[in-house]
Amino acid sequence: MDTLGLKTGLCGKWQILCCSVLCACFMDAVWGQIRYSIPEELEHGAFVGNIAEDLGLDADSLSARRFRIVSGGKRQYVEVNLENGVLFVNERIDREELCEQSSSCSFHLQVVIENPLELYRVEMEILDVNDNSPSFPWTQFNLDISESAAPGSRFPLESAQDLDVGSNSLRTYLLSVNEHFLLDIQTRSDGSKFAELVLQTPLDREQQSAHQMVLTAVDGGAPERSGTAQIDITVLDANDNAPVFDQSFYRVRLAENAPKGAVVIKLNASDLDEGPNADITYSFSGHAPLRVRQLFSVDPRTGEIKVKGVIDYEKARMHEIYVQAKDKGPSAVAVHCKVMVNVLDKNDNIPEVILTSVSTPVQEDAPPGTVIAVISVTDKDSGENGNVDCEISHHVPFQLHSSFKNYYTLVTSDFLDRESVGEYNITLTARDMGSPPLFTRKTILVQVADVNDNAPRFKQPSYTVYLTENNAPGASICAVTALDPDSGQNAYISYSIHEGNIQGMPVSTYVSINSDNGNIYALRSFDHEQLKNFQITVQAQDAGFPPLSNNVSVIVFVLDQNDNPPVIVSPVSHMGTSPNQVVPRSADAGHLVTKVRAVDADAGQNSRLLYQMIHATDPTLFSVALYTGEVRTIRQLVEKDPTRHRLVILVKDNGQPALSATVSIILSVVDSLPDSKPDPGDLSQSPRHSSNLTLYLIVSLGAISFTFLVAIIVLVAVQRLKGRPSNKSILPFIPACCGCCPRPETRATTEVFRKSNLNVRMSSGAEASGTGPIPQVYCYKMCLTPESKKHDFMFLKPCSPVLSAQQNNAKSTDYLTSGWSTLDRSEIVKNRALTPNEPKAPNADWRYSASLRAAGVQSSVHMEEASVMQGAQGMLVQNWPTVSSAADGEGGGELSPPVGAGVNSNSWNFRYGAAQAYYPPQPLKPGEIPPEAFIIPGSPAIISIRHDAGPVDDKGEFISFGKKDEAKKKKKKKKDKKDKKEKGKDDE
């Protein structure tokens, strides 16, 4: 499509617009050419054309598609408005400066459009404007003419020069009015004009020896411009013959870059005269161009034309030389000839590489085929010498595509990765086809721009922090570090902590993090006893768009510090009074006097407790176990030993530094009964109330025991009379209070009794366990002796978990005394003698009776502790016996000793549940000890005789005194059954 437009400017100049668009497809890109014609000398901002419309593009997408114009020269003459697609003049264009006097003047631009790639070649033709007037080399020149010159003689005149071309160039010459001469206009081969002065009428020197005329050169512009020069003619005396050239026209060939002084041609002219009239001199004609005078010289004597300057084919491929010959005689007449010099091209110019457009840096995620640079290659030589081929270095992810002649595009051939290679140095080699070929190398630096394609990565997959408790708030506890291989904003990392809760509180109240460097700070002082560890999630996020992030887990372990001293659990002093314990004077060596219990809230070595006696009234009488805190006699008491001893026991942990606590214990030596002096362990502050209570208990216990014994004797007798052995257990209950039963050898009169409404209960399937050095909740039982006003209250094993020791004391006391009177309970709570912190003083040892062992009685033994003397060396070894006589049903329960109580790993179990059929004696398992070997000092026990398997309640129950009705019913039932059988025999 060709478009021609005319537009009048402010200066009255005509602007001509001519555009041509060609479209083609080449290597997945659109290639095309468009041509505009504009006049020179346009002002900045002058309209050239709407290139977006001419190319069929949407003007709104020019910026998005990175529309740009690239010029191959140093100056950017035109530019485009990306908002509307209008091409306008950016800088004044002077055609004469740009193209000199070339008949055609144009320059080329490259239009690059991306997404998708489109390349267009824009040819800008610069139209000449008549802005230059013709001018002569001199404003005045002289001409000598002999008076004998015949009419018709021609005399060449100096040519005028007009820098404009075409119609604006020199059109004609004008000569002022005169009577002897007229002007003849001649045209050269290149279209230029020159004038010759022709003699019209003979001259007469005697009449007029000089003539003056004005020569005017006029161009063809509108309006026209002109230039003038004055001609001074001098009339000389006659010289009959003028010189004559061998030829009026010569054609020669001259290689470019011919050395200076080289002879181009030797001219020859002859004159028929003699003497000075035949002596010829050679020179340039007056209208010889200035450029010719600079490149060549004429020897005035020999007529040789020699090279004077640098002959360059690329600047001028042809030169016209006008030479004149004139003799030295008077009234000499000059003759002229023309020499046409054709310049031969040589491969003397290396290719020139021009980066018309370099899109650097290039995004690393740019797809293959993205244009990186538009390259133009020129070679001033002609023919094969001007044909150029380009190539780039290998092993780079780029390719070189040829678009137009001598135009190339550098595109990506693969995906780029800035993290692997940040920049490329591409070597471009341009080589012509001359012989020998000449080449040029140019290095193109292509930088790869970063794209946020890498998320931050932590140096570790997770972080583990060990923090000692009691840390200073605000101190740094650790630092997390993440790396991002991206650059700039894409590599700027900020740290944060994910929201969450720790023990019901927001994470932000525990720790904080520096968003710049990843330092984590503790906002509070941690306590190992309250919080042993916690986990937080730290996020590292870069500042790219869109931002990328990564998470890491930070696990903080709060290490224990020895910040809790041991706490004495039992025995406990009340109101500043040392706890009082009694020791029977008959106690042998190794007798367990009491046991000091302590707990430490710390963990590990900081909670490992050691017991040490730091003071004793008689150091040779008592000792304390280093790890268990058991106070035992070293030897047997003698009469001379004091009746009252004071022991100070130190309990210290294994921390660094160690923390400790002390307890002072008062031991009273008694013969058979405890000291009647009241102490903090009394259940009541009222002696009268205690005496009455003891009496009631003795009477109740005696009555119940007597009733059971009679029932047992009667039942045994009946069974024997029937003559049939029974395979079922007939003993419903056997009450026993081992802690209160005297040993046979002491012949003590103490009897075991229990208040009828004081029951010890445990639900079927219940489980009790402890997680510290002592149990948390205990089951209690009461053992009293009629001879003493002191009521010994023992706690045995944990029954249920409890929150605190104080709650445990209150709850246990209320539970055990549920059947007591209001006065009894208030006094017990006030006196605090029933707390589990005060152990029972050791009682006489109790053993299983031979009758029970022989009968295979299944029992549940609930004991506090046992000491078994084993080993040939007499080493004291503590063992917790395992009693496996309970049922294995689901209703069974099990009770284990507290962990860390200073005993070995052997466990003692309490099981209860539905009774099973009679079991034969079972062989002992490895590590078990027969019941005969147990010596259980001061430990109460409950023995429940199991019923036969059958439709019996699956819940085991403890024996409690006062269940005579149940025994009577069973006895009556068996008697009725026996009577029916005897009646049946009589009927037979």
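Every residue, even glycine, has its Cβ placed from backbone N, Cα and C.
Among the features that TrEMBL reports, domain 'Cadherin' is placed at 37-136 (among others). Residue counts for the domain 'Cadherin' (37-136) under DSSP, helix first, then strand, then coil, are 12 helix, 38 strand, 50 coil.
Among the features that TrEMBL reports, domain 'Cadherin' is placed at 137-245 (among others). Here the domain 'Cadherin' (137-245) has a mean pLDDT of 86 out of 100.
Taken from TrEMBL, the feature domain 'Cadherin' applies to 246-353 (among others).
Annotation comment: TrEMBL describes 354-458 (among others) as domain 'Cadherin'. Taking H, G and I as helix, E and B as strand and the rest as coil, DSSP gives the domain 'Cadherin' (354-458) the counts 4 helix, 54 strand, 47 coil.
Positions annotated as domain 'Cadherin' by TrEMBL: 459-568 (among others).
Taken from TrEMBL, the feature domain 'Cadherin' applies to 583-680 (among others).
Taken from TrEMBL, the feature transmembrane segment covers 693-718.
The compositional bias 'Basic and acidic residues' annotation in TrEMBL covers 948-968 (among others).
What TrEMBL records for 948-988 is region 'Disordered'.
The compositional bias 'Basic residues' annotation in TrEMBL covers 969-978.
What TrEMBL lists as compositional bias 'Basic and acidic residues' is 979-988 (among others).
Of the candidate ranges 37-136, 137-245, 583-680, 37-136 has the most C-beta pairs within less than 8 angstroms of the domain 'Cadherin' (354-458).
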